[in-house]
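**Student:** Quick one: structure below, then a few questions.
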Amino acid sequence: MAIKKIRTNDDPVLKRKAKKVTNIDDRLERLLTNMLDTMYEAEGIGLAAPQIGISKRVIVVDIGEDEIYQLINPEIVDTSDEQEKALEGCLSYPGLQGRVTRPVKVTVKALNPQEEEMIIEAEGLLARALQHEIDHLDGITFIDRAEEVFREEESH
């Protein structure tokens with residue numbers, strides 16, 4: 001549908017807690033489509049609505065496996081004790097990467113666009129992507145969690 005401008009760096013919308021979605025309608029459906037289009041155009045694996053200037057608790061994630069996740073009001077309801085440190089980047093921080101420690105497994109509860117409750121048991125890259133995008137909904141970026149941050153060319 002439409003490619004939206006991705007908000008970057010210190011845009012205030014990235015630091016605000018997003019509002020819970022109370023109405024799933026055509027506007028929300030368009031938002032999800034625009035988010036997917038924007039994410040794919042930017043060659044990302046996830047995008048949160050605040051990253052395109054919309055303060056709503058909505059994320060999309062596609063790590064290139066079977067399912068494309070379009071999640072409304074997602075929340076992490078459980079995490080594994082086991083943690084892993086890995087490199088992360090973010091479409092809102094172009095050219096930057098950071099080492100972030102996160103739980104290896106998470107359980108996420110959310111609504112899908114059909115207003116059905118979903119429970120997602122995720123691990124590995126999917127777990128990391130879900131945590132990263134849900135953080136955006138709480139005004140937290142990977143920069144806030146990173147133990148070190150550097151330009152992409154410095155990571156080798």
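These residue numbers are counts, starting from 1, taken along the chain as shown.
Just so it is clear, glycine is given a Cβ too, placed from its N, Cα and C backbone atoms.
Here Swiss-Prot flags Glu133 as active site, drawing on sequence analysis. The feature Fe cation binding site is assigned by Swiss-Prot to Cys90, His132, His136, with sequence analysis given as support.
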**Student:** Taking the Cβ of His136 (Fe cation binding site) as reference, which residues of that chain separated by at least 6 in sequence fall under 8 Å from it?
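**Tutor:** Same-chain residues close to His136 (Fe cation binding site) (Cβ under 8 Å, separated by 6 or more) are Leu14, Ala18, Ala48, Pro50, Gln51, Ile59, Ser92.
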**Student:** Take the C-alpha atoms of Glu133 (active site) and Cys90 (Fe cation binding site) and report the distance between them in angstrom, rounded.
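**Tutor:** Here the two Cα atoms lie 10 Å apart.
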**Student:** Quick one, of the recorded positions His132, Glu133, which Cβ has the fewest other Cβ within 10 Å?
**Tutor:** His132
**Student:** For Cys90 (Fe cation binding site), which of the three DSSP-derived states applies: helix, strand, or coil?
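**Tutor:** The residue in question, Cys90 (Fe cation binding site), is coil (DSSP, three-state).
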